[in-house]
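These notes are about the structure you will find just below.
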Amino acid sequence: MLNIIVVLLLLFFSNNVIDSRYISYSKPNYYKTNDKIPVYMNNVRSGLSIFDYYKYPFPKPSTIEYKQSFMSKLAGDLNSTSLYDEVSLHTSVDCIALGKPINYTLDDVNQLKYLIDKHFRINFFIDDLPIGELFKNNRLVEYNNSNSKSSEITSPPSSPSSSSSSSSSPSSSIEEEDDDDTENDHIYLGHPIGFKYNSKYYLYNHLIIIINSTSTKSDKGFYTIKSVNVEPYSCVDCKIDSGIGGVEISPELFDDDKIKQLTIQYTYSIRNHETTTTNSGKSFQSWSIYYVNQFKLSNIDIIMSFIIVLAVSACLAIILLKIFRKTNSKTYTQLSPDDGGWKSIYADVFRSPNNFMTFSIIIGFGVQIVASLFILMVFSVAGLTSIATPGGMAIASILIFSFTGIFNGYSSMRTYIMLGGTRKLYNSVITTTLIPFTILLLMFIGYFQVWSNKFTYGASIGTVFFILAMWLLVCVPCSLLSSYFVRTWPPAEYPVRINPIPRFIPTAKWYQNQYLHMILGGIIPFVIIFTDLSFFLSSWVLGEHYSYSLSFALTFILMIISIVETNMIIEYYQLSLENYNWWWRSLLGPMVTGLYTFIYFIYFGITRIETEGVGFYYFMFSLVFSILVSLFCSSIGFLGNLWFTKKIYSTLHFD
């Protein structure tokens with residue numbers, strides 16, 4: 001226990017020092033002054049509603065080409081050609097026309113009105129870096145052309161006056177800002193399409209693109225792009241003077257019979273911000289600004305979780321001390337009436353449960369999830385799943401889960417043999433197919449809504465075949481092989497013999513109800529992972545990026561400890577009531593954590609998702625995720641209880 005505490009403390013104090021989010025193993029692109037920087041359009045997004053940028057009436061080239069790799073398809077990125085042809089390094093230009101003027105009909109305006117109401121944001125890439133709005137200390141930074149310095153506002157521009165607060169003569173460069181305090185800098189991905197003010201709708205038709213480049217003394221004229229942030233404006237002829245109204249696109253304008261369409265010209269300007277560093281490796285840290293700084297909240301949550309685990313550990317330590325101090329030195333010929341409680345059921349406690357085929361299958365798949373998450377956690381801490389490689393987390397999850405099928409077959413077969421099973425071949429086949437097929441089927445059903453709405457992250461035919469191939473050609477053989485090699489191993493031994501005649505179980509009182517224990521036992525692990533769940537949902541649903549490195553590792557370890565210890569305490573209480581049916585309870589109790597997770601997912605979806613057409617997909621994903629959490633917790637709870645039960649009954653010595 002002391003070693004675990006030392007490891008947790010070391011991880012906690014290094015949480016703010018070492019973080020995989022700063023690590024990117026992809027080489028940056030190098031540019032010289034006036035070199036063209038490629039720009040690729042991506043999507044229009046609000047929550048889980050993600051569409052192709054060119055689906056809507058925005059400026060588009062005559063020929064649209066898509067530069068997609070397999071990993072970018074997994075991430076849902078499109079990378080299509082754009083009209084941003086004048087984006088160059090160290091070349092500041094003003095008011096460049098983005099294609100030809102667009103004539104908007106009433107239907108087009110209603111489309112844009114819907115996008116504004118639902119808070120859709122436009123996403124694209126410059127030098128493979130996602131663009132976004134820059135926030136410093138949770139305040140939006142707005143470019144101010146009158147004095148070449150940045151001013152700050154507390155929220156994105158929401159009115160013609162606030163969005164047009166700059167002077168009429170844009171400056172050609174930006175003075176270097178103080179980069180020393182960048183801890184709370186954050187780029188919020190994408191930029192809004194427009195805004196609503198006094199019941200009128202305005203379109204952001206002008207974009208200031210700010211390119212932050214860096215170089216070292218050894219680069220000899222070569223630069224890398226550190227980050228790119230943008231500032232949208234609603235203006236006419238690039239005039240973003242204070243007091244000039246924006247471009248109104250309210251449908252009410254068409255009430256005038258003379259107006260049949262609205263003609264709008266999109267424009268953009270380029271600004272460059274150059275810095276010089278002495279450390280050549282600093283250019284690799286550009287991805288840190290795309291992560292939300294959650295260290296303060298994570299640290300508070302970790303401290304609270306650590307206190308909870310310490311309290312549970314203290315309770316368990318008292319129980320173990322009581323057992324081993326009073327029992328381990330005794331030798332029994334026959335138990336006396338004073339030796340009741342858990343000692344009196346020693347001959348029944350290892351009696352095999354009902355439906356132990358299903359029991360072993362659940363254990364096997366749960367262990368596979370545990371192994372997958374552990375390996376994925378190691379990769380995350382090592383920085384191998386950085387957002388610098390879109391789709392990296394998805395491909396890593398698929399590959400790791402496929403190869404950890406070896407733990408599935410091994411654990412299921414060992415449990416099945418221990419419980420006295422004889423249909424070993426049947427167990428091997430069902431273990432490797434039943435739950436994985438059910439999970440894949442539920443995900444496939446959920447994706448019907450994604451495909452019908454043509455969201456960009458809808459799995460392609462190639463992706464579907466890849467997942468099926470990894471399951472059938474890698475996961476299934478690994479599981480079957482591991483089952484085959486352990487099928488002849490002798491079953492694990494119990495410390496006591498089993499009585500052939502089952503013992504009578506006393507009637508329990510209302511507060512000794514197993515369902516009450518399950519509800520209470522599932523709360524502690526859920527409380528520990530609650531903050532990380534909220535980060536995960538914000539990342540997945542809202543498009544924010546959060547770090548899943550050391551903070552996730554700490555939460556992962558604390559959650560496992562809490563599941564094991566809470567389950568041991570509940571089982572000890574149950575055995576003290578002379579109830580030896582602990583097998584299924586050790587499995588079902590931790591599963592309640594998955595139920596709490598599902599309830600929280602549904603609550604998050606109801607309160608945070610604004611767009612239509614994603615409800616069924618979100619529900620199915622929440623269901624699948626909660627099932628995986630339940631299986632993860634149940635396997636850990638059972639393995640902990642099995643060790644605990646063997647340990648305490650090994651203290652009973654009989655002549």
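Cβ atoms here come from the backbone N, Cα and C positions, even for glycine.
Features of the protein shown, as given by Swiss-Prot:
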type     : residues : note
COMPBIAS : 146-173  : compositional bias 'Low complexity'
COMPBIAS : 174-183  : compositional bias 'Acidic residues'
REGION   : 146-185  : region 'Disordered'
SIGNAL   : 1-20     : signal peptide
TRANSMEM : 300-320  : transmembrane segment
TRANSMEM : 359-379  : transmembrane segment
TRANSMEM : 387-407  : transmembrane segment
TRANSMEM : 428-448  : transmembrane segment
TRANSMEM : 461-481  : transmembrane segment
TRANSMEM : 518-538  : transmembrane segment
TRANSMEM : 550-570  : transmembrane segment
TRANSMEM : 587-607  : transmembrane segment
TRANSMEM : 619-639  : transmembrane segment
Q: For the transmembrane segment (518-538), could you work out the same-chain residues 6 or more beyond its ends whose Cβ comes under 8 Å from its Cβ atoms?
A: 292, 294, 297-298, 301, 305, 308-309, 312, 544, 546, 548, 551-552, 555, 558-559, 562-563, 566-567, 570, 585, 588-593, 595-597, 600-601, 604, 608, 633
(Q) Tell me if the transmembrane segment (461-481) touches the transmembrane segment (387-407). I count contact as 3 or more CB pairs below 8 A, with pairs 6 or more residues apart. (A) yes
Q: State the non-local partners of the transmembrane segment (587-607) in its own chain: residues 6+ outside its ends, Cβ under 8 Å from one of its Cβ atoms.
A: 359, 362-363, 517-519, 521-523, 525-526, 529-530, 533-534, 537, 541, 563, 567, 570, 615, 618-619, 622-623, 625-631, 633-634, 636-638
**Q.** Long-range neighbours of the transmembrane segment (300-320), counting only residues six or more past its ends (CB under 8 A)
**A.** 1, 8, 12, 15, 524, 527-528, 530-532, 551, 554-555, 558, 561-562, 565-566, 568-569, 572
